[in-house]
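Enquirer: Residues or ranges marked as compositional bias 'Polar residues' in TrEMBL: 42-53, 214-226. For 65-74, the entry in TrEMBL reads compositional bias 'Basic residues'. Residues annotated as domain 'C3H1-type' in TrEMBL: 80-111, 124-149. Feature annotation from TrEMBL assigns region 'Disordered' to 34-88, 205-226. Taken from TrEMBL, the feature zinc finger applies to 80-111, 124-149.
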Amino acid sequence: MDGGENDSHQGSSLVIHQTTEQLIARCIAPVKKDFIRPPPDRTTSSQNDTVSIPNDKPPLLAKEKKSKRQLKRERRQDQKSTKNLCPEISKSGDVNSCRYQDKCRFSHDIEAFKAQKPDDLEGECPFLKSEGSCPYGLSCRFLSTHEEGKPLSSNGLEKRSEVNGFSKDVQKLLWKNKMTYPKADAKLKALGLFSKPKVNNLGNKDGDDKCVQSEENGSGAVTSELENNDGVDKCHLSDDDGLCGVAADSGSKLECSAEVKKDDDITRELESDIICPLKRRKTEENCEDVETENEGVSVVDQNVDGSCIKSEPEAGPEAIAPETDLSLKLHSREKKLIDFREKLYLAPLTTVGNLPFRRVCKVLGADVTCGEMAMCTNLLQGQASEWALLRRHSSEELFGVQICGAYPDTVARTVELIEKECTVDFIDINMGCPIDIVVNKGAGSALLTKPMRMKSVVEVASGTVDIPITIKVRTAYFEGKNRIDSLIADFSSWGASAVTIHGRSRQQRYSKLADWDYVYQCTKKAPNNLQVVGNGDVFSFVDWNNHKTECPELATCMIARGALIKPWLFTEIKEQRHWDISSGERLNIFKDFVHFGLQHWGSDTKGVETTRRFLLEWLSYTCRYIPVGLLEVVPQRINWRPPSYYGRDDLETLMASDSAADWVRLSEMLLGKVPEGFTFAPKHKSNAYDRAENG
């Protein structure tokens with residue numbers, strides 16, 4: 001017996017010989033002794049959280065760094081290969097159906113495509129029952145279940161049950177920086193936060209606007225340029241780098257440096273530009289300056305204290321009249337209302353909180369769902385991958401989207417764009433994200449250090465749209481320096497309809513349990529017209545009941561990681577019971593996810609592998625669940641580390657494994673064998689219970 005086996009047996013014997021109280025004190029789940037087994041040998045790998053499937057190709061000694069042009073050329077060549085059949089031909093089965101013919105960048109060889117296509121998967125095509133025909137035609141991995149004699153595909157029926165699609169026309173406007181935001185600009189002017197966008201002039205001969213590309217993502221995305229008060233042109237990059245360049249398709253190599261306005265300058269601007277209510281009108285002689293705008297002449301009025309306020313003349317039907325008289329604007333209480341009280345709220349969850357997962361949670365009892373966090377700058381740049389996060393399924397009756405931005409103008413324009421292009425019930429502004437890449441750009445929990453910036457972001461967002469605006473915050477940025485209790489009385493006056501308080505600081509991440517006492521304290525200080533949602537460590541109906549009993553003022557509790565580990569938590573809360581769910585029932589839930597995933601990402605090979613990867617990400621959380629029948633103490637707490645244990649059957653044992661190789665085995669039960677060269681490493685280190693990076 002080697003040293004690794006010795007350590008394994010010693011670890012299991014420690015769990016067996018300790019009392020239940022000792023195990024709970026060490027945050028180890030008290031599993032019944034009959035089910036404890038020696039932990040797997042970890043001597044060959046410190047963390048068994050990465051899996052790779054070898055292929056027949058020789059390994060590369062060093063990874064060659066390729067230019068963007070090279071990568072684009074390789075993508076084009078890959079598209080031309082036989083494994084990528086032209087979508088039009090795939091739908092119709094007719095080689096002559098493609099209007100591009102020889103100029104098409106996809107393959108037109110049907111026989112060669114069929115020869116290399118992987119075997120069909122077991123089961124029925126996910127589109128046949130819901131839509132009558134499959135939009136993927138010959139590319140579908142369930143082609144054998146398609147009825148002969150019927151058309152392979154019916155155009156116009158693709159994903160009828162999903163809304164908030166991204167229009168190509170809107171994307172082109174965003175790429176060319178020609179999208180207008182009249183409501184946002186008017187509100188920004190009213191609050192003194194508006195800077196007039198300046199058209200690019202980088203030597204463009206035809207005078208058309210060119211896309212300004214962020215160096216960070218290189219996707220041809222638009223970044224607006226704003227003119228500063230001192231007359232110096234500066235790129236307003238909000239959530240992006242301090243550099244901007246010409247779009248990739250412009251053929252120019254020019255780049256321009258940019259300066260981002262400093263935080264202290266913004267704070268001074270916010271403090272000095274608060275508008276008082278409009279008083280009596282004075283004559284033009286009483287004020288010193290008259291500003292001429294495109295819409296007409298703006299007259300500067302005078303307050304009782306001698307300060308001047310600008311008021312715009314009446315505009316024509318096509319002109320935009322900036323709001324200066326705040327009394328004419330709908331009060332936040334007169335806007336659309338949303339009621340979270342007693343509803344089960346699924347938190348916005350990065351990566352795993354995708355549309356198929358939200359559908360699973362809806363089936364299991366969730367009332368409110370929210371899309372994954374989307375960055376404002378990426379939405380304004382027209383990135384299709386970011387807009388995909390806003391998609392909504394018809395089963396999501398009460399649905400919101402979550403956005404994240406650092407500056408009032410980007411947030412204002414984003415909410416106006418979302419209101420115009422999407423169907424949502426509320427918009428949540430993330431002010432608590434702890435991820436470094438977000439915080440370093442001034443967004444997420446970085447806003448907790450700038451209350452005046454928080455105020456301007458919420459005010460301009462709520463004043464721009466009629467959709468209810470909610471915000472999500474943490475207790476503080478630094479541990480031990482809580483500040484939400486001093487701000488919560490102002491949230492509703494800023495225009496927020498609800499606030500979600502995650503009972504942790506940014507610095508704390510997930511290293512300790514959530515501070516619900518502080519959440520209760522803030523809730524009791526909140527005004528009556530502000531709904532407060534608590535968030536953190538809800539993992540059973542007992543947790544839910546305790547929070548509602550301790551603080552009846554809470555509107556509801558948001559469920560996040562608890563839903564990732566056991567999505568049937570919503571059913572447990574509604575039925576007020578501990579569900580000792582079987583491995584077969586859990587497998588059926590995974591089958592539902594796969595079915596929904598194939599409908600969302602597609603039933604072709606690409607859609608199958610996308611569904612597999614998101615399933616594997618989810619399985620990196622579900623392995624932490626311990627069946628009720630195996631526990632000495634019920635319910636399980638979210639911070640308990642499960643010891644290595646046997647399940648009541650082989651499938652339950654497989655589901656309890658924290659090995660990525662076992663997760664792949666589970667995925668193969670549902671989606672067939674993985675392709676050659678397949679690798680997977682989870683984005684979230686969900687098995688690291690007390691690591692700072694698990695944020």
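Keep in mind that glycine also has a Cβ here, set from the backbone N, Cα and C atoms.
Bear in mind that TrEMBL entries carry predicted annotations, made automatically and left uncurated.
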Enquirer: Per DSSP, how many helix, strand and coil residues does the domain 'C3H1-type' (80-111) have?
Expert: 15 helix, 2 strand, 15 coil
Enquirer: Go ahead and report the DSSP secondary structure tallies for the compositional bias 'Basic residues' (65-74): helix first, then strand, then coil.
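Expert: Here the numbers are 7 helix, 0 strand, 3 coil.
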Enquirer: On average, what pLDDT score does this prediction assign to the domain 'C3H1-type' (124-149)?
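Expert: Here the mean pLDDT over the domain 'C3H1-type' (124-149) amounts to 84.
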